[in-house]
């Protein structure tokens, strides 16, 4: 089996990686083992991950793998230097098996070696080693590698360029092979053809031996010739030259396109495998053996080999190694499960053996008692005979010898006694048939007893052997000599009842013990499976809308919400178009939600049920979820939303203005659902056209989540308008919301808190909807207010420039008062004696010049304080200059953002007025292809993916897997794990799994396999709330799988209700 890359494999992989990874950034690096690493690259809408097995392979992979809990020291250093760096070049070093990754235009270089022990080396732009996986000591044919040394590239194969393929170069390579062959003549004889291939591989390194052999077969060159024979013939030399040119052509053809086809050479497990089986079944019966970027001619005629073709050599290598790795992991898991099953079976067998022993004792005691009752007279004869001998005072040993002697003469009473005797226990073992002796047997005994003692002893012995065979069928029974036959039979009946009682107790205790043992084994298995690596599963490509909070309504509309202010801005700029609906609520933390209308019919109204479900999403993302208060959301059309404020400024990211009337929805019910949405193939969509996710009747049976009819929402517009007017007339109703937005901006200016917001001064002015997250990023520096800052503050808080200028003048007056007042006052009169003292000082220092004064100050230490003050003044000036520069930079950035927003708003306004779509056609196709997502797969559907989704409960009417979520105290991660754990447990119950995938009410293997492949973060991030309470009654697949227990726990017919 092939394990390492050849030089052409490295060349093709490097070529494909260069096309796939250049311009991507390193997002993270992980350990998979001590020598295997995973590097993730990403840029918007493009994610790749490359697997590196030091010394063996590197390739892009589509499978998810378990990473180490903590990074190694080597990975930590790689992360330090390479994380967030952009890949600028990927190439092969000459024709050597080394790949070079350049980051940030060569500032850092990562080298992957695929020969000998392998290595991963990180250098700077001057090739100084920063870190490496394996330190290499200096030795024969290897250079020293350690941190601090330079990594040499000069001695690599063809680093300066690949020489031209000429006849002289070929002759030189063959001559070297001839010379080396003469030196190795005493060694083991080589296979035919090896000498020629190895001679070419040593000197013409750009062509690996497998490719050379392929080219020779294509050109019909005899590969078994020796180098000396080729050198002696010009025709053979020209023929070999054509073969190498064919190899060169293959290499050029492979690297001419962005991706090269790859071929896996596999062996058949069963040579009799029919060729008409499906591709999946065929692959299950294959053992992967080799892979190449070309189809080797030497394997094409072998009937035991199969070629598997893949589009892309990276995909070929990934399939080859991942398949082998997956088979190893699966075998390990299966082995653990088999061991657990063996332990459970051994415990069950032990219990069955114990119970079987008690049952055998009961049956045997019953048979013994029945035999005693059937042979009362004969038992009495034995008892009387033995008791008579004892009464005569005969020795116990002599009694045994007497009985043994009588048995030889076929004494019927002695024949019933089994030796040895147990007289010390006052017990004798007798042999009885289970039925009474018949008359034929009696006559036989009489005839035998009349045999004369003079008969030959050999005849007697033969007769005894025959009788022993008959006696073998009788039951040995111990009887008490002090009791009658009936009393002995009663004793055996008592023992039978005692064994039956013991069986009942053993059954009860052993059942508990068995359950405890099975639970312990299952727990050990679960713990062991956690220690094992997870089975390789393909990485699911996420849809474009999964980066937002999303769900598909029961009417088939896509509903989106931003997780933060930046995402809300993206939704507004990219996805909010004509015909869409914008929803929000006057509650702290409420998300901005949009409902995407069908782009083919943008003027069609959005159904009331979809609006209600979208309104529920708005409310649950706000503080109403934690306070468990049902509040109302409102909606407006897309043309009522803008970024412009009445002051002429544009609002920051995540903040929007709405113009016109708000349409208020009924109070939302705080109920969410966690479920599974399945993606099906295009062929399977046809049967779901008439069966979208909605029910024929509103799901849930609640009337508070949505208006009962389509006209009811329009009828409520009048009341909504009154509600809106009352909100505008009463400032206190909106101050609660606006206070949250002004906490950051006005924390240092208490006078501004009491002033009204100009955006809410008049009823016809638009209302501002701003998220608190973005307001925190635009705090105003109160150290030195400037007019540019007043503009920014007016934009964020909604206050006009007049109000801001007043607050600035107050702050400025406080600082200016102590400086401006002294010049206005007259000079103060000098104190008595001051004038004379000043004259004396002037007289004393009249001859002192400036240099003398400075020298004197240095002597007394006065200059140090002055220098310190000057240094502090310079530092202060530098700080003020830096602050001024930063403020100017922010001002320029603010103006640039304002300009860009103004251009976007103007373009958007024109597009909405003219009805022109602002999105590209292919983007619309991507965003609106929702027919392939279903909550309930039908028989015959081809399920491609399973996507976790969290949506309002009323939107999950026809989901197969779902769980209800309410406000609670449990963390969402733990709650999601609990839901998935119940689904997994339900799939293992007897009779729940439908292997044929035909019963929609039962669990299908494909569904559970996809759910098991979810990552924890993938499932947790879809829940838009923090603390929850899970309710899994009635509607979930897990509850259905519980049978009677599940039915009694929820729905009608439970305790306290009446069934009709």
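Every residue number used here counts from 1 along the chain in the order it is shown.
Each Cβ is built from the backbone N, Cα and C atoms, and glycine gets one as well.
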Where TrEMBL places region 'Disordered' among the ranges 364-398, 399-433, 434-468: 434-468
1007-1033, 1034-1060 - the range that TrEMBL marks as region 'Disordered': 1034-1060
Spatial neighbours of the compositional bias 'Low complexity' (856-866) far in sequence, C-beta under 8 Å, 6+ residues away: 848
Residue counts (helix, strand, coil, in that order) that DSSP gives for the compositional bias 'Basic and acidic residues' (867-887): 21 helix, 0 strand, 0 coil
Residue counts (helix, strand, coil, in that order) that DSSP gives for the compositional bias 'Basic residues' (831-843): 10 helix, 0 strand, 3 coil
